[in-house]
Amino acid sequence: MPSDSRTAVAGQPVVETLTQVAEGGGDAPRARRRKHKLSPLAKREERRFWLFLLPWVIGFIGFGAGPLIGSIVLSLTNYSLLSAPKFTGLANYRRMFEDPLFYKSMANTAYFGIASVVLSVVFTLLIAILLNQNVQGLWFFRMIFYLPSVVAGIATALLWKNILDPDFGLINLVLGWFGIQGPGWLQSPQWSIAGLVLMSVWGAGNTIVIYLAGLQSIPATFYEAARLDGAGTWQRFRHVTIPMMSPVIFFNVITGLIGSLQAYVLILIMTGGPSSGSAGGPENSTLVIGLYIYRQAFQYYDFGYASALSWALFFVIMLITAIQFALAKRWVYYDGK
Amino acid sequence: MALATGVTATPGKQRVLRGGIYGMLVLGTVVFALPFLWMVSTALKASNEVFTFPPSFLPKSLHFGNFSDGWTVVPFTHFLINTVIVTGAAVVGNMVSCILPAYAFARLEARGKKVAFALMLATMMIPVEVTLVPTFIAFSKLGLVDTFWPLILPAWFGYAYFIFLLRQFFLTIPREYDEAARIDGAGYFRTLWSIVLPQSKPAIATVAVFAFVGNWNNLLGPIIYLRSQEKFTLAVGLQLFQGQFQTYYNQMMAVSLITLLPIIVIFLLAQRTFIEGANISGIGGR
C-alpha cells in the first residue's frame, strides 16, 4: 500500500462527493424502486455489486475493521510478542496520562501539523494560481513544482537531512550569501521542527495539483461578470476565487491535517534511522506522536502501550476533523448556496 | 484564468502584472529546484568535499564513480530486483482490487451500498498507526514477517483512496453508453472491460502512476516487515549508507538519483495524462 495516502487524492469532484456524504446526500436516484420487492434483475445486480466489492470487503475486514478491534483489545493488555497478552485494564491509558513524553509528543505533533498545514495550504494555493496563468513553458513550471512530491520518500528525507545540515548544508550556505548566520536546524531543539516543516512544504505538489483542478473548474463567466461589475484583480480574487475554491481549500486542510498528524516515517529517517534508538531529534524535539508509537511498538516491543497511544491519536484526529466540519459551515461555499 | 484573469484596464499595468507572474514563477522554480540541484551536486562531489566548511555549491571535480561505487558497495542490483517484484505485484493488485469496487460504487445498485461507501470513506481517516500493530502481529503469527507478502497482499484488497478516485471518474462517463452495451447483452464485467475502462484511460493512468510511485517509494512497510538485508527494497537499502559513525552522502545521493530515474521516466511519459487526468471534471465521454 502506498505510504503516503494523500498521493491518491485528486480533483474537485472528490470534494463535492465528500460534502455530499457529509450532508447525508449521495447519488442513489434509482433507490426508490427498492421499496418494492426486488425484481430478479435487481437481485442479480445486487449480487454482482457485492461480488465486485468483495476485494474491498475482505480488505476492510482483514486490514481495517479487524485490526481496529484488535488494537482496542491490545490497548488493554501488556504484550511484547514473546508471551501471551496479559489483561491490564486501563493501565496503559493511566500510564499515558502520566507520561511526560506523551505530552511532549502531542505538543510536537500539534506544532508540526499546524505549521506545515497552514504554510502548505496558503503557499501552494498561491503557486497553483501562478501555475494556472496563461504563460509560456507552463508544463516546465508545473513539473518543477510537482516533481518533489513524486520523489517523496527516503530520498527526500536523506536529501533534506543534508540540506538542513548547519555547517555543510544548502540552506545555511544560501543564507550565508546574504550574510545571515543560519540556525542549527535538525541539531537544535528550537529549529528542528521548522526544518521538517520546510521539507513538507517542498513536497506538497499533490496539494498544488488538487488546487489546479479546482481552479480550472471555476467558470470563466464568473470572472467576466465580476469584471463587468468593476471588480479589480484583488476583488476578483477575494470574491470569486476564494469562495469558489473554499471547498477545495477545506478538503486540503482536512486531508493535510490528517496526513501531517500521522506523519513520522520521514521524521524517523531524518532524526535517527530505524536502526538507531535515537530517533526523535535532540531532546526529543521531533518526537511526534506517530514516531513515539513506532518507538514503543517496534523498538521496545511494548505493543499494548503503543496501541493505547494510537487510540489517543485516533481520538484527536476524529475530534479535529469533526471541529473542522462544524467550522466549515461558516466559510465553505457550495455552489449556488 | 483565475487571479489575474486578467485583462486589466491599461496595457502598461497588464505588462507589469505579467512580469510579476513570470518573476514569481521563476523565483519559485529556483527555490523548488535548488534542493534537486544540490542533490546532483552532492552526488558528484568527492567524499571529503561533502563536508567542507564553508560548503561549495558546485563540486570542485566531478566524481561519476560515486554512481557505480555506491551501487555496488551495497547490493543494489539485488534490491532493485526485490523492488520490481514487490512494486509490480502490488500495482497489479491495486488496479484489480480498486477498479472492481469503484465500478460497483459508480454503477450498480444494492442495499447497503451507502453504508459500505461511508465506511470506505471512514477508513481514510483511521491513522495507519491504529491498525499497524495488530496487522503486524497477524502477519507475525502467520510467519510472514521478513517476506514480501505483507507488502503485496494488502494491495490486492482495495485501497479506499484509489477506489474513491476511480469512482469519481467512472461517474463522469455517460450512463447511456454502458446501458446500451447492457441492452446488447453484455454482462457487467464485459461492460466494465470494453466500455468503461477504455473511456477512463486518463483515470487508469493516473491511478497507475500514483500506485507505482506509492509502492516504489513505500518506506513504512519495508521498515517494519523486512529484517534480513537480502530482502530489502531500494527504499530501505538506501538506509545502509547511514552508518553508525559516518554517512556516505555522495554515494547515497548518487544511488538515490538512480532509484528516482524510473519514477521520473514514468512521470514524464505520463505527464500529459497525469496532470490533465487529475482534473477529473470535464473528462466526459470521448
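Glycine residues also receive a Cβ, built from the backbone N, Cα and C atoms like all the rest.
Here TrEMBL flags B:80-270 as domain 'ABC transmembrane type-1'.
Residues or ranges marked as transmembrane segment in TrEMBL: B:21-40 (among others). Packing against the transmembrane segment (B:21-40) from elsewhere in the chain are residues 4, 57, 253, 256-257: each is 6 or more residues past its ends and has a CB under 8 Å from a CB in it.
The annotation transmembrane segment is assigned in TrEMBL to B:79-103 (among others). Note on the transmembrane segment (B:79-103): residues 120, 148, 151-153, 155-159, 162-167, 170, 188, 192, 196-197, 204, 207-208, 211-212, 215-216, 218, 231-235, 237, 259 of its chain, located 6 or more positions outside it, place their CB under 8 angstroms from a CB of the stretch.
Residues or ranges marked as transmembrane segment by TrEMBL: B:115-139 (among others).
Same-chain neighbours of the transmembrane segment (B:151-170): 86, 89-91, 93-94, 96-99, 101-103, 105-107, 120-121, 123-124, 196, 200, 202-204, 206-207, 210-211, 215, 218, 221-222, 225, 233, 280, 283, counting only residues six or more beyond its ends whose CB sits under 8 Å from a CB of the stretch. Residues or ranges marked as transmembrane segment in TrEMBL: B:151-170 (among others).
Annotation comment: TrEMBL describes B:191-213 (among others) as transmembrane segment.
Outside the transmembrane segment (B:248-270), and at least 6 residues removed from its termini, the chain residues within Cβ reach (under 8 Å) are 39-40, 42-47, 49-51, 63, 66-67, 69-71, 73-74, 76, 80, 205-206, 208-209, 212-213, 216-217, 234-235, 238, 241-242. Annotation source TrEMBL lists transmembrane segment at B:248-270 (among others).
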